[in-house]
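Remarks on the structure that follows.
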Amino acid sequence: MEVVIVPDAAAGGELIAEAMAALLRRKPDALLGVATGSTPVPIYEALAAKVASGAVDASRARVCQLDEYVGLPSGHPESYRSVVLRQVVEPLGLSTGSFMGPDGTADDLLAACEAYDRSLAEAGGVDIQLLGIGTDGHIGFNEPCSSLASRTRIKTLTEQTRVDNARFFDGDIEQVPHHVITQGIGTILEARHLVLLATGEGKAEAVAQTVEGPVAAVVPASALQLHRHATVVVDEAAASKLKLAPYFRATYAAKPAWQGL
Ligand code: PGA
């Protein structure tokens with residue numbers, strides 16, 4: 001996997017937005033797999049700025065969700081459907097018809113999980129999948145010890161993830177759902193390009209284990225090591241525990257600019 005160390009979150013957002021713009025220039029109807037949480041916000045801001053300035057046309061882009069809470073009422077502002085509509089679909093000027101996600105309100109959640117995996121495949125697969133990383137090494141909501149072959153399914157959140165996400169629910173952990181639907185690790189690995197962004201010192205240990213540790217279900221993000229095109233973009237703080245940081249810096253500095261991510 002390629003590791004790119006950037007000065008700060010804004011630089012990471014710009015770099016990844018440019019990679020998405022390059023993809024959309026090559027493939028205007030690309031399927032963009034988006035992530036939620038605080039980390040990817042600079043990516044969406046940078047991409048929206050490129051659309052607004054005419055640097056890229058995203059009008060035919062399609063967007064799909066990585067995961068969703070179970071049990072939040074439809075339209076809840078913190079449901080990931082609402083978040084993606086607010087942060088990605090509306091700023092890019094896309095129609096809601098170009099957007100898909102798992103249905104966390106379905107009566108038959110198992111069927112909803114299978115239907116989502118099927119709809120991703122029927123859409124031709126995800127072209128670029130953005131990922132954050134949990135402090136516990138999760139990607140999507142695949143918590144530690146998730147099967148590396150897992151498909152979209154229901155998961156129970158760890159206490160740590162509920163604590164981490166309470167800030168989106170007025171700081172009240174009781175409001176954070178216990179269950180989610182998440183693309184499985186096997187599902188995520190089917191995307192053509194995986195781009196993980198991690199910023200801040202709180203992610204440094206998870207990043208080090210992901211990049212320099214063994215592939216192990218206990219660190220779900222380490223599955224990126226199995227992917228043929230995985231890019232890990234980290235700011236200086238999130239890179240602070242990487243032993244190979246000097247090597248990653250030198251390698252990226254020597255890369256031809258035209259190559260992109
Ligand atoms: P964060 O979440 O970007 O809000 O830190 C990342 C994640 O849990 O995957």
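In case you wondered, yes, glycine gets a Cβ from its N, Cα and C as well.
Automatic, uncurated: that is what TrEMBL annotation is.
Feature annotation from TrEMBL assigns active site, proton acceptor to D67, H138. Taken from TrEMBL, the feature active site, for ring-opening step covers D136, E143. The annotation domain 'Glucosamine/galactosamine-6-phosphate isomerase' is assigned in TrEMBL to 10-230. The site 'Part of the allosteric site' annotation in TrEMBL covers S146, R153, K155, T156.
Distribution of TrEMBL features across the structure.
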{"residue": "D67", "record": "active site, proton acceptor", "contacts (Cβ under 8 Å, 6+ apart)": "T36, Y80, P102, G140, F141, V180, I181, T182, Q183"}
{"residue": "D136", "record": "active site, for ring-opening step", "contacts (Cβ under 8 Å, 6+ apart)": "E143, P144, T158, Q160, T161, A206"}
{"residue": "H138", "record": "active site, proton acceptor", "contacts (Cβ under 8 Å, 6+ apart)": "P144, S146, T158, T161, P220, A221"}
{"residue": "R153", "record": "site 'Part of the allosteric site'", "contacts (Cβ under 8 Å, 6+ apart)": "C113, I181, T182, G184"}
{"residue": "K155", "record": "site 'Part of the allosteric site'", "contacts (Cβ under 8 Å, 6+ apart)": "F141, N142, E143, S146, H179, V180, I181, T182"}
{"residue": "T156", "record": "site 'Part of the allosteric site'", "contacts (Cβ under 8 Å, 6+ apart)": "E143, H178, H179"}
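Note on the domain 'Glucosamine/galactosamine-6-phosphate isomerase' (10-230): mean pLDDT across this stretch is 97.
In the three-state DSSP classification, D67 (active site, proton acceptor) falls within a strand. DSSP assigns T156 (site 'Part of the allosteric site') to a strand in the three-state reduction.
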